[in-house]
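Student: Here Swiss-Prot flags Cys30-Cys127, Cys80-Cys133 as disulfide bond, drawing on similarity to another entry. Marked as N-linked glycosylation site by Swiss-Prot: Asn100, Asn135. For 1-18, the entry in Swiss-Prot reads signal peptide, with the evidence type sequence analysis.
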Amino acid sequence: MFRASLLCCLVLLAGVWADNKYDSESGDDCPTLPTSLPHMLHELRAAFSRVKTFFQMKDQLDNMLLDGSLLEDFKGYLGCQALSEMIQFYLEEVMPQAENHSTDQEKDKVNSLGEKLKTLRVRLRRCHRFLPCENKSKAVEQVKSAFSKLQEKGVYKAMSEFDIFINYIEAYMTTKMKN
């Protein structure tokens with residue numbers, strides 16, 4: 001009888017512990033994200049600075065891939081979707097091509113940048129108030145279309161403008177933290 005009671009208590013405590021752990025990792029309030037965000041953006045910028053010169057030297061185009069309409073989407077009601085789609089775009093389309101067009105020395109740096117972006121995405125997804133989105137962003141579609149039309153040059157353009165993307169992330173997050 002004592003063993004059964006003890007086992008029941010242990011199962012109950014394990015369930016409570018797991019539930020609390022789940023709530024703290026995936027809860028809507030995410031109290032640590034606003035304080036850790038500047039550090040994550042700093043890490044993204046530092047990782048980008050290691051490949052910035054390489055890609056900007058290869059970018060021979062004068063036009064901008066990431067323009068003001070994308071920033072407006074980030075700041076507006078489509079901010080969540082624009083951010084989510086742009087992170088996905090960089091992770092699934094730009095970064096793999098950037099690695100393929102990099103020297104062996106640059107590949108590890110591009111991979112590190114991608115890992116930091118993945119970490120940011122995971123943290124934002126856990127914090128539902130920062131990525132609660134459903135709609136599509138026309139500005140992101142324009143970026144993707146322009147990127148595709150540029151073919152190989154699109155990789156250099158997108159990577160050379162990664163710092164602009166980080167600034168847009170920061171603008172979006174600043175807006176969300178004020179709400």
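For all residues, glycine too, the Cβ spot is worked out from N, Cα and C.
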Student: In angstrom units, rounded to an integer, how far apart are the Cα atoms of Cys127 (disulfide bond) and Cys80 (disulfide bond)?
Tutor: 12
Student: Whole-number answer please: how many Å between the C-alpha atoms of Asn100 (N-linked glycosylation site) and Cys80 (disulfide bond)?
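Tutor: Answer for this pair: 29 Å between alpha carbons.
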Student: Give the number of CB atoms, excluding that of Asn100 (N-linked glycosylation site) itself, located within 10 Å of its CB.
Tutor: 11
Student: Three states by DSSP: which one describes Cys80 (disulfide bond)?
Tutor: helix
